[in-house]
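The following features are taken from TrEMBL:
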type: TRANSMEM; residues: A:12-30; note: transmembrane segment
type: TRANSMEM; residues: A:96-119; note: transmembrane segment
type: DOMAIN; residues: A:96-306; note: domain 'ABC transmembrane type-1'
type: TRANSMEM; residues: A:131-156; note: transmembrane segment
type: TRANSMEM; residues: A:176-197; note: transmembrane segment
type: TRANSMEM; residues: A:237-263; note: transmembrane segment
type: TRANSMEM; residues: A:283-309; note: transmembrane segment
Amino acid sequence: MPGFLLKRILQSLVLLLIVSVIGFVVLNLLPGGPLAQFGLDSSITQADLDRLREQLGLNRPLYVQYLDWAWRLLQGDWGHSFRDGAPVLEVIARHLWATFLLMGSSTIIAVSIGAWIGIRSATHRGSTFDYAATVGAMIALSIPTFWFGLVGIYVFSLKLGWLPAGNMYTIGDETVLDYLHHLILPSIVLALVHVAIWSRYMRSATLDVMNQDFVKTARAKGLSERRILMKHVVGNALLPMVTLAGIQLPSVLTGALVTETVFTWPGMGRLFLDSLGYSDYPVVMGLLMFSAILVIASNLIADIAVALIDPRIRLA
Amino acid sequence: MTSATLSQPIRERWWRSRTTRRFITNKLAMFGLGMIVLLVLACILAPHLLPYGSLDIDLRARFAPPFTGYHFFGTDPLGRDVAARLFEAGRISLAVGFSAMLLSTIIGTLVGVIAGYRGGWIGSVLMRTVDGFLSFPSIFLVLALAAALQPSAMMITIVIAATSWMEVARIVDAEVRSLREREFVQAGRMLGLSGAHIMFREILPNALGPIIVAATLTVARAILMEAYISFLGYGIQPPLPSWGNMLNGAQQYLGSAPWLAIIPGAAITIAVASFNFIGDGLRDAFDVRSDGH
């Protein structure tokens, strides 16, 4: 286990290094590079820009600039937002929990419905349900999230008037119930694609487990199919899903960005687009790096969690 | 010459192969193929057949609902014909999807072949770079790049390709890795064939199935990605229509003119689903094991 842990942490650090190089390249591709913020101000002349370039060390070789940038990233100095001068990490932190709330509730929906569909498809292999679930998953994966959101707003907000069309809460009525009311539609919209993905993986994981010897043994002991399923199959089939949760994170974040835009949800995705619109590049870069670090960290945590649960990995 | 006899001893005619038979008996895949053919034909022919151009403004006919009057799919806030725009947009969206697929498949194949065949530290660096790109939520990277560069159809294609080549690279790397110690490759080495020859002429043809499957699914994802970024305003720029940017202003008219949102979204879904159906059918036909990742 310590060997596995060490190896996995080392891999993540290498990945972090590579991600930071990609981020640095993107930073230098942005118009005006790291000086873009001053290019927007008409009172700043070319001479000022040249002096700034000198002062900020942008005339140094690129690898020196990279090391400097990465070092400050490590120390938590992610720069300041052009819009309100607040430290980038603080701006991100302000929007973090709205995104986590949305992602959390949509993951609960996606996992529970996806697991149910997947298990049922596996136990009723080749049935109409299985076929419908397969085709349905492929169609769900093809629907643009924002369009599904628009259709949802049209039906449930504009036509039926059941659910709010956007925002996280009603101003002046910030109760838990009000938050939940606003959470329903965006969570379902974000969950759609992931219900499809989870159901596919759950189906194949369940089929894998059902073909294992210990399930045959359980059957030979005369246990009922239902008991075998609940006691022996589902738990073992859910285990690889922990890894999947980590792998799925980039796609959930992508979906969250689009969903937040459609529902004017004040999370990280919304922040990213607003910052892009204002050419607030420090925040854009910050979110880019933050999301990648989040992904690397959650993959690491998922792998460690699986290792802790599964003795086969722990002892290997 | 020698290579052909080494790697492919006897070759069936492809149209009589088991793979082809399995593909054409797959109902869903054939449905997808049919839809794509229809869509492509419609996008090629419609601008010549429809009485309105995609940019013809007619302020007296603003917000005409679909299936009424002269405008089959209705009109937009400027009175432009939605049908004409939809098929014009289809040309652009499908072209971006196809070109991004071609480009990303080329990049992915190159990276995968080199990483898989060379191995060692070059292979490690290349494949860790793949992991690095996969750590970013694709849309964050695409939007940051699209905002940084001049938005044109070509640039959007390049940006999408630059962020979607990793899947193919992983598949090709794994295939090449499993093949590079096989006898026919060693025979090639003993014959003194160059590394490039062995990589691309001897090994690569054996990985064609998985590459074709991944490429088909990449078209689907590229069309979706173009729709996402154009919807958000960083993709194809108006007045040039794309399926994504037709939806860009649709939200504010959702109550009064829902067809502005529904019609282009349905077109995207049909196109993407069709490519997914085809890709899935090809996967079954080539008997590519889906390893779950």
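Cβ from N, Cα, C; glycine included.
With respect to Cβ pairs under 8 Å, the transmembrane segment (A:96-119) is most closely packed against A:176-197, considering the stretches A:12-30, A:131-156, A:176-197, A:237-263, A:283-309.
Cβ atoms under 8 Å from those of the transmembrane segment (A:283-309) belong to residues 1, 4-5, 8-9, 12, 15-16, 19-20, 23, 26-27, 30, 73, 78-79, 81-83, 88-89, 91-92, 239-240, 242-243, 245-247, 249-250, 253, 268, 271-272, 275-276 of the same chain, restricted to positions at least 6 beyond its ends. Below 8 angstroms of C-beta separation, residues 98-99, 102-103, 106-107, 111, 115, 119, 144-146, 149-150, 153, 165-167, 185-186, 189-190, 193-194, 197-198, 201-202, 205-206, 208-209, 269-270, 272-273, 291, 294-295, 298-303, 305-306, 309-310 of the same chain, each at least six residues beyond the ends of the transmembrane segment (A:237-263), sit close to that stretch. Here the transmembrane segment (A:131-156) has Cβ contacts under 8 Å with residues 117-118, 120-121, 162-163, 165-166, 185-186, 188-190, 192-193, 195-197, 199-200, 203, 255, 258-259, 261-263 of the same chain, all six or more residues outside its ends.
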